[in-house]
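The next block holds one structure in the form of structure tokens; read it before the comments.
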Amino acid sequence: MAKDPGRVLIFDTTLRDGEQSPGASLNLEEKLAIAQQLARLGVDVIEAGFPFASPGDFAAVQKIAENVGGEEGPIICGLSRASKPDIKACANAIAPAPKKRIHTFIATSDIHLEHKLRKSRKEVLDIVPDMVGYAKSFVDDVEFSCEDAARSDLDFLYEVIELAISSGANTINIPDTVGYITPSEFGDLILNINKNVPNINEAVLSVHGHNDLGLAVANFLEAVKNGARQLECTINGIGERAGNAALEELIMALHVRRSYFNPFFGRPPESPTPLTAVRTEEITKSSRLVSNLTGMVVQPNKAIVGANAFAHESGIHQDGVLKNRLTYEIIDAKTVGLSDNKISLGKLSGRSAVRARLEDLGYDLNREDLNDAFARFKDLADRKREITDRDLEAIVSEQVQLPEALFQLKLVQVSCGTSLMPTATVTVVGEDGEEKTAVSLGTGPVDAVVRALDSLTEEPNELIEFSVKSVTEGIDALGEVTIRIRRDGNLFSGHSADTDVVVAAAQAYINALNRLVAAHGRKSIHPQHDLAKVEKKGI
């Protein structure tokens, strides 16, 4: 059997695989904020990015390695393809971290070998020991992944894994790259790897999966029963296509059903020892932070962290819950850090009190960002009687986005009504400090604002998503707007909140435009792109 650390190790890849969600690009400050919250959450490994992809990715991984973790904190990991330039860049980026890991991979399925890598099985068998050994020359902790393992020939897969371990890999990751496998098949795959790889006892078995068939979490739990001891997952399940296995669902499944899973770890069913090191009370905070910074709204019926996860509409259910919550709830909302507490901050609250509460919520702002957030807080306190944690999260999330914005919104005015043509007047400050104003008509106030902004910024794009939701209850609630725009096939998100949803929409659109401008001309490599093609292009 594979190495058993006595519990499940949580490998968070929100900042790498999660960021590959269309429109979920994050800047350095946002990545650092998420990494710091992941450390508070208690994950074992943070995959901070793919350093070779671009200078921006390298800088973000390096910044996280310098500022997050420590001897008692998480391992900081970087991803690299099985090539020396990739591995060297990864090693340099993670070098400042006290605990570091290189995660290198190569495809093992015939379809990937033939159509993507254009390599034979023999060539892969030659590459694996060379590249794992090269990674091992930089760090003691090396993880190796067999990309598309779920569709690979088993005998070839066993041979590759054995070679990787004998070359120094400490962790072997088995990815279901396209979300194809079913739970029983995945369990059998992990079991057969344990049975057929002679040196598997020298490495921890890990799993990575996508949710294309909605089976990622179920697959992982079956893998755990058969010896997998590291789970690669993301906050809110974000990721390419249908997303990755959701961290919060895995953690709470292992928490709530501990008595069921304990025997698979050689424990008595009643053992109270947690199966992971995650602090469950940080789950809701982590979910909201990732949602706010990526602009990816969590669906209301999402397990564990959705707005309706602990809501009861049925009268029968409500009656039962009032009498005893266990009648219809298997999780106490407080276990995941969800509470209805309102913070007692108001017009007379000082900067220190606001800063302390923001730190509790996972935001560690620099002096300039704190001043901006405090100004917005005071403005909101003049318009809203009660300030909740959700309000604070909404108003501060923009402060870590686009600190060097090219466009700044100065003024928005609209006139509209039953017998009026919607008209917007917008003033924007450019990078040179010059103010420009435009007036536009539209089918509605938001359309008019967007048209005015487009005429001022002259950044061609396609608006593909506009959504607005109430942050809290009440007529004075903040309206939270998320906007996605597209150019050249790339998606960019903008997010903002205000008691005036038209103002929020204008700021969200500006934020999306600033992301677009920041990314314009910046080359970035996807880790699953054909290495040979990339090298020919000289990237």
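Using N, Cα and C of the backbone, Cβ positions are placed for all residues, glycine too.
Look at Swiss-Prot and you will find 8-269 tagged as domain 'Pyruvate carboxyltransferase'.
Under the DSSP three-state reduction, H210 (Mn(2+) binding site) is assigned to strand. In sequence order, D176, T177, V178, G179, A216, G239, E240, R241, A242, G243, N244, A245 are the residues near H210 (Mn(2+) binding site), counting only same-chain partners six or more apart with C-beta under 8 A. Marked as Mn(2+) binding site by Swiss-Prot: D17, H208, H210, N244.
Per Swiss-Prot, the feature region 'Regulatory domain' maps to 408-539; the stated evidence is sequence analysis. The region 'Regulatory domain' (408-539): residue composition by secondary structure is 38 helix, 54 strand, 40 coil, according to DSSP.
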Inset, instruction - For N244 (Mn(2+) binding site), just give me the three-state DSSP call. - result: strand
Inset, instruction - Compute the mean position of the Cβ atoms of D17, H208, H210, N244, which form the recorded Mn(2+) site, and then list in sequence order the other residues of that chain whose Cβ is within 8 Å of it. - result: T13, P175, T177, G209, A216, E232, C233, T234, G239, E240, G243, A245
Inset, instruction - Could you list the residues of the same chain, at least six apart in sequence, whose Cβ is under 8 A from the Cβ of D17 (Mn(2+) binding site)? - result: E47, H208, E232, T234, G239, E240, N244
